[in-house]
């Protein structure tokens with residue numbers, strides 16, 4: 001059992017919660033590696049995928065996770081949703097809630113939307129990314145990937161690099177890493193710095209080369225080109241020179257250090273192809289871990305036991 | 001109709017008065033103030049022992065939404081809220097629809113207020129046509145029709161050149177320019193204070209600098225033009241410091257602060273995203289709140305206003321980033337000040353009356369109201385020991401978006417007299433006054 005009813009942010013997760021999610025995800029590896037990738041764990045449960053903002057990878061990851069747990073899924077959002085037609089969030093949620101569903105998976109442009117949903121339904125809510133606030137299942141898949149690589153999280157050093165201020169990845173990954181005993185440094189242009197790094201308990205710098213040799217994980221963020229206001233960087237070229245991960249810079253990394261990226265990548269901007277596809281890259285492992293950790297989160301939040309998976 | 005208030009603690013700093021006295025009201029005016037006043041035949045005698053009697057409270061920054069947004073508030077419901085909160089006068093902001101930027105629109109609000117028969121509605125006119133910050137509004141005509149001050153509240157005048165023109169023009173009229181200070185290229189899209197709150201909640205920050213830079217600019221324009229400047233809803237300690245320096249220099253600068261900026265901070269915005277805490281300017285740091293309390297106590301901040309901003313339930317029951325800015329305040333202002341400033345000995349009753357009655361009248365260029373024979377009987381009587389639990393049912397306002405729902409406060413207005421009419425009688429609102 002997790003200590004939370006919903007998965008809204010990672011700040012409220014205990015070390016034990018995170019451990020349970022990661023361990024449960026690990027137990028699902030066997031399911032995902034079989035020919036018949038399905039267990040009846042959530043048979044008869046109804047899950048609503050409410051995607052109020054475009055999403056491809058997160059959405060398909062959740063949908064696959066639901067299918068592999070045998071849940072019934074209802075997809076809503078995009079241009080078909082009533083929120084687009086001007087219906088309020090409260091009305092939308094109450095309407096769906098009246099159809100008796102068990103869980104909402106919510107992706108939203110506005111921070112706090114998943115929390116607001118909990119006020120209008122008794123169903124469990126998983127935040128699939130809200131504005132630039134949090135994206136907790138992304139943090140879980142990142143932790144899973146890193147733990148799988150090193151065997152532990154305690155004592156690791158992680159540099160998160162790039163568009164910090166627009167990133168919901170930062171919002172949920174940093175607290176989760178800290179809870180698990182890792183150390184985090186934030187790197188990016190001053191115009192992309194978070195307003196108050198002390199809230200995260202992190203050192204924040206603009207100088208990538210000064211920290212890259214010290215860390216076990218180089219986590220490159222996607223520059224959110226669609227969220228740029230006030231032209232905070234002069235050009236792709238300059239960004240790539242100062243904060244991009246290219247071959248030269250990757251040689252400064254510790255020999256055993258790995259590279260992560262939440263995707264989708266802007267190749268040639270924050271990461272160059274020769275690095276994205278190199279042996280250190282764990283980017284596709286992250287995608288794989290996404291299905292596992294989402295299966296785990298849904299399973300545990302709908303009442304599953306962390307050591308009860310035998311199917 | 002005559003009233004005799006027996007044994008109230010009468011507080012009026014204009015007369016250096018703080019004493020237990022009897023006060024008789026005859027018709028529209030105060031007829032006698034003395035240690036003991038004998039009732040005359042037909043007088044309604046009110047036992048005011050233990051209560052405080054002050055010149056009528058004035059809130060010089062409210063939004064009554066009338067005309068244009070009557071579903072949020074009207075001059076009638078807003079007036080009821082004002083009286084219930086202990087106020088005799090309010091200055092209404094011009095961001096109505098259409099914008100109150102001309103003489104007839106000012107006159108409409110005054111007339112409508114008189115029809116309602118509760119308080120004095122003292123409209124502010126817009127500085128610029130449509131409050132768009134482009135062209136001067138007909139300020140002279142609005143002065144003639146009774147505008148109490150001028151403001152483009154809701155927005156700062158973004159162009160420094162336009163603000164200079166506005167202040168030069170207004171300088172001829174003996175009215176203040178009430179400035180909402182916000183440089184929009186800096187506040188751009190911000191919905192919470194920049195810093196801890198914006199980081200924690202993952203939302204765009206509205207930095208203190210966006211406010212302070214414009215306060216600085218407007219103080220400099222005040223020095224240049226000589227136009228009296230009133231800084232609206234100061235939210236930062238640095239903002240108060242700028243006003244303190246300007247006053248020391250002798251500039252005609254005044255300032256106001258809202259109870260929510262005094263008694264709440266960004267830390268009160270939790271993961272529940274209570275949108276009633278979404279303000280413009282935003283709730284700042286706890287240190288800012290303390291600095292503002294000190295600025296009220298030392299007189300740097302002249303008056304307490306509420307920025308009473310009614311919004312319908314559906315405009316607040318939504319995602320934080322798209323919910324409207326502002327909270328209602330008229331019915332909690334006095335109890336908040338009594339509870340958090342007077343009862344904690346941070347402010348005397350004299351200081352309270354200056355900030356909530358005397359100074360706003362002076363800034364709005366209204367006739368002074370003193371508790372002495374011959375003065376207009378615009379009076380507030382409140383019980384400082386009476387406790388109230390703030391619930392949505394407590395409000396006369398049409399909207400219920402208070403930041404203080406659930407609070408337990410002391411200090412409740414029991415009676416309000418406007419032009420000698422008892423429009424609040426034992427906490428009950430009586431339009432037109434008790435018969």
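Please read every residue number as a count from 1 along the shown chain.
Cβ coordinates are placed from backbone N, Cα and C, and glycine is handled just like the others.
Curation does not apply to TrEMBL; its annotations are automatic.
Feature annotations, reproduced from TrEMBL:
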type	residues	note
BINDING	A:57, A:58, A:107, A:135, A:138, A:263, A:264	carbamoyl phosphate binding site
BINDING	A:85, A:168, A:222	L-aspartate binding site
DOMAIN	A:5-147	domain 'Aspartate/ornithine carbamoyltransferase carbamoyl-P binding'
DOMAIN	A:154-301	domain 'Aspartate/ornithine carbamoyltransferase Asp/Orn-binding'
Those binding-site residues listed as A:57, A:107, A:135, A:222, and which of them has the most Cβ atoms within 10 Å of its own Cβ: A:135
Chain-mates of A:57, A:58, A:107, A:135, A:138, A:263, A:264 with C-beta within 8 Å of site centroid, carbamoyl phosphate: A:55, A:61, A:128, A:129, A:262, A:290
Alpha-carbon spacing, residue A:58 (carbamoyl phosphate binding site) to residue A:222 (L-aspartate binding site), which is rounded to whole Å: 15
Rounded to the nearest Å - Cα separation of residue A:138 (carbamoyl phosphate binding site) and residue A:222 (L-aspartate binding site): 13
Packing count at residue A:168 (L-aspartate binding site) (other Cβ atoms within 10 Å of its Cβ): 22
Binding-site residues listed as A:263, A:264, least Cβ neighbours within 10 Å: A:264
Filtered binding-site residues - A:58, A:107, A:138, A:168, A:263, A:264 - keeping only those with Cβ under 8 Å from chain B: A:168
Alpha-carbon distance [residue A:168 (L-aspartate binding site); residue A:135 (carbamoyl phosphate binding site)] in Å: 6
Cα-to-Cα gap, residue A:107 (carbamoyl phosphate binding site) vs residue A:168 (L-aspartate binding site), nearest whole Å: 11
Cα distance (Å, whole number) from residue A:222 (L-aspartate binding site) to residue A:263 (carbamoyl phosphate binding site): 7
Recorded carbamoyl phosphate site residues A:57, A:58, A:107, A:135, A:138, A:263, A:264, farthest C-alpha pair in Å: 16
Helix, strand and coil totals (DSSP H, G, I; E, B; other) for the domain 'Aspartate/ornithine carbamoyltransferase carbamoyl-P binding' (A:5-147): 60 helix, 27 strand, 56 coil
